[in-house]
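Worksheet: the structure to be examined is printed underneath.
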Amino acid sequence: MSEKGFTYPPQEGSGPDGYPYQTDFPAKDEEDAASDATEGHDEGEQMYEGEYQGIPHPDEIKEARRAARMEARRKARQEAQLEDEDDLPDQYENIMEDCGHGRFQWTLFAVLGLALMADGVDSYVVGFVLPSAEKDMCITNADKGMLGLLVYVAMLAGALVWGGLSDKLGRRKVLIYVLTIDIVFSFLSCFAQGYGFFLFFRFCSGFGIGGSIPIVYTYFAEFLQIEKRGEHLSWLCMFWMLGGLYASFTAWGIIPHYGWGFAIGTEVQFHGWRAFILVCTFPAIAALVGVIFMPESPRFLLENARHDEAWMILRNVHDTNWKAKGEPERVFTVTNIKTPQTQEDEFIEIQSETGTAFQRWTVRHTTLLQQVMSNVMSLSAAELRLQGLFLVIVWFCLAFSYHGLGVWFPDMIKYMQYEEYEAKTRVFHRERVERFHFNFSLVNQIHREGEYIHDKFEDIEMRSVKFEHSLFENCYFEDIRSTNTFFENCTLKNTVFYNTDLWEEKFKDCRMENTTFLHPKKGCHLNFQEENDIVIYLVSFLGSLAVLPGNIISALFMDKIGRIKIIGGSMLGSAACSFLLLLSFSQGAVICWQCLFYAVSVAAWNGLQVISVEVYPTAKRATAFGILNAVCKFAAIIGSFIFASFIGITRIVPIFLAIAALACGGLLALKLPETREKVLS
């Protein structure tokens, strides 16, 4: 057999086509192959997969399971009358079993895990940098809300677009596009000095990384055999958790040091939060480098009638795994793989041979867009409509509750901190201070109906200070740094403000007579020494770390008890955990129940992502996953808005909304099809 430029000489004992057959070597039982967990061990040290998980499995049980799977496949084909169409799925599954699970899959696991980690990091970036970025760019509360909203909208659009394109252009190719866009625009956002540019760059970055989740899971699933798929896709989910840990840890180490940085004149400033964004691009950069050296999914190539390329990749996977397991003599015996008939690419190439370069570009991309849209519309076919609707509802319910509570937890902690801080506020009523030099900071104070005559306020910090109905006469303010400080209904006579950040918006309904502002500081909040609240970083770090037990348990049991029981049990358990939030009356209690909620709910996420990969055919898999992920982002936007609006009003409404959504989604999940024994169709 010859492949474009490669000729393979016949070997001793080879068949007429030039390929040596495995029968030339001593027969080896399937159990002789080392499991993925024991790669590199010699024969005496090899373990069964069950032993790796702590559960011994005799040979008879494994053979019985395999026979049951084959029987289930046969019955499914007979019921659906799809024997001819299922030739490729069955053959591909047999090839993947022959290739084994080893070094190649673990290398791809690490690379795609970094891409998933980059998505996890990006989900935290905006929330962490906003408290500091608003000081540089004068971001109002309305603008802050717009930034968070647009980033999620960008991720929603990215999931739809890139998921559809990866079913037509290839998983690897589109993932390279996704990571490149994220890296470039994240890097540019580090240096954006204006809010408009910063918003645009973050939107583009979100649009890029938004396509990573559908592609990563689809890409990895197509290199896994059926008995490894559920477990190893669940292990892959852990990288999203690592992204949260990485973002929380680096934010805590970099952002609070807001005064660190440099400036070029008065227009260009680079502070700690910008360095944090730069550091957050490292996982995406590492993933991009790794993906460049990875091959395309052979299953995608076969679906697009690119037999020779797929054969070469599968042979490389086979040889890589068995050489790493100490059996280099094993030979890849597949000589022909059945491929479906497809004419779409041929149509594009025929049209591309005519016209100008611009016309060819237009025809190619117009046709590509038509194919993507056709793929999306075909998902409403009768055989996919009902299970697709169920999946959409379950995804929406889980995302609505998870992301809604994800906003509620830190906001509730901030509100509790505010209440505690406000309870310690010192109130001064009708004080008269004359010819006094204030050279110490004023913190958390309210001054009502006071009189300040010939007083001097010099080189001090005013934090959370309010003057109400007070008189300032012949006073002098110099080098004042203020945070959350206001003058309301005050009278200022013959008063001078020199080199302060007390702007007009700080004076509400005040009367000024002969009052002068000299050399006012420019900017919104220029108190560089103010420390950001590290409790928020700690909450995010603990929340990310809490999902570790749930990830491990779901990975170990995903293939044993099935996807449906994992999803349903996890969502119903999360509903019970949400009820406990009614008992949270302190910051510590909120953090504790948050960690418990995340630990239980992560299993539902893992199960949903696994079943979303398995339930759709290869030609529509990434497109469907992209739509489901877009539904997730849409639910996150709605949930975040609704849950945040009840902070400081009541906790009962958001908690019961979360309980209702999780309970409904968990019960509906039990109606989804079980895909544990399903071959990728």
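Just so you know, glycine gets a Cβ as well, placed from its N, Cα and C.
Note: TrEMBL annotation is automatic and uncurated.
Annotated region 'Disordered' per TrEMBL: 1-59, in sequence order.
The transmembrane segment annotation in TrEMBL covers 106-126 (among others). Sequence-distant neighbours of the transmembrane segment (106-126) (same chain, 6+ residues past either end, Cβ-Cβ under 8 Å): 36, 39, 147-148, 151, 175, 178-179, 182, 186, 202, 205-206, 209-210, 212-213, 216, 219-220, 223, 232, 235-244, 246-248, 251, 276-277, 280, 283-284, 286-287, 290-291, 294, 540.
TrEMBL lists 108-678 with the feature domain 'Major facilitator superfamily (MFS) profile'.
Summarising the annotation, TrEMBL assigns transmembrane segment to 146-165 (among others).
According to TrEMBL, the feature transmembrane segment maps to 174-194 (among others).
Feature annotation from TrEMBL assigns transmembrane segment to 200-221 (among others).
The transmembrane segment annotation in TrEMBL covers 233-255 (among others). Within the chain, the transmembrane segment (233-255) has long-range Cβ neighbours (under 8 A, six or more residues past its boundaries) at 109, 112-114, 116-125, 128-129, 131-132, 216-217, 220-221, 224, 272-273, 275-276, 279-280, 283, 532, 534, 537-538, 540-541, 543-545, 547-548, 551, 554-555, 558, 602, 605-606, 609-610, 613.
TrEMBL lists 275-294 (among others) with the feature transmembrane segment.
Packing against the transmembrane segment (388-409) from elsewhere in the chain are residues 379-380, 539, 543, 567, 571, 574, 578, 581, 590-591, 594, 597, 601, 604-605, 608, 611-612, 615, 624, 627-628, 631-636, 638-640, 642-644, 646-647, 654, 657-658, 661-662, 664-665, 668-669, 671-672: each is 6 or more residues past its ends and has a CB under 8 Å from a CB in it. For 388-409 (among others), the entry in TrEMBL reads transmembrane segment.
According to TrEMBL, the feature transmembrane segment maps to 534-557 (among others).
Among residues of the same chain six or more beyond the transmembrane segment (564-585), those with a C-beta under 8 A of the stretch's C-beta atoms are 394, 397-398, 401, 405, 412, 550, 554, 557-558, 592-593, 596-597, 600-604, 606-608, 611, 651-652, 655, 658-659, 662-663, 665-667, 669-670, 672-674. Positions annotated as transmembrane segment by TrEMBL: 564-585 (among others).
Beyond its flanks by at least six residues, the transmembrane segment (591-611) meets 213, 217, 229-230, 233-234, 237, 241, 391, 394-395, 398, 401-402, 405, 409, 413, 539, 542-551, 553-555, 558, 563-564, 566-567, 569-571, 573-574, 577-578, 580-581, 583-584, 662, 666, 669, 672, 675 of its own chain at Cβ-Cβ distances under 8 Å. Among the features that TrEMBL reports, transmembrane segment is placed at 591-611 (among others).
Sequence-remote contacts of a segment are chain residues at least 6 beyond its ends whose Cβ falls under 8 Å from one of its Cβ atoms, and for the transmembrane segment (623-646) they are 148-149, 152-153, 155-157, 159-164, 167, 210-211, 213-214, 217-218, 372, 375-376, 379, 384, 388, 391-392, 395-408, 411, 612-613, 615-616, 653-654, 657-658. Residues or ranges marked as transmembrane segment by TrEMBL: 623-646 (among others).
Per TrEMBL, transmembrane segment is recorded for 652-670 (among others).
When each of the listed stretches 174-194, 200-221, 275-294, 534-557, 652-670 is scored by C-beta pairs under 8 angstroms to the transmembrane segment (146-165), 200-221 comes out highest.
Outside the transmembrane segment (174-194) by six or more residues, the chain places 115, 118, 122, 125, 136-137, 158, 162, 165-166, 201-202, 204-205, 207-209, 211-212, 215-216, 219, 267-270, 274-275, 277-278, 280-281, 284-285, 287-288, 291-292 with a CB less than 8 A from a CB of the stretch. Listed by sequence, the residues of this chain that lie at least six past the ends of the transmembrane segment (652-670) yet keep a Cβ under 8 A from its Cβ atoms are 390, 393-394, 396-398, 400-401, 404-405, 408, 564, 567-572, 574-575, 578-579, 581-582, 601, 604, 642-643, 646.
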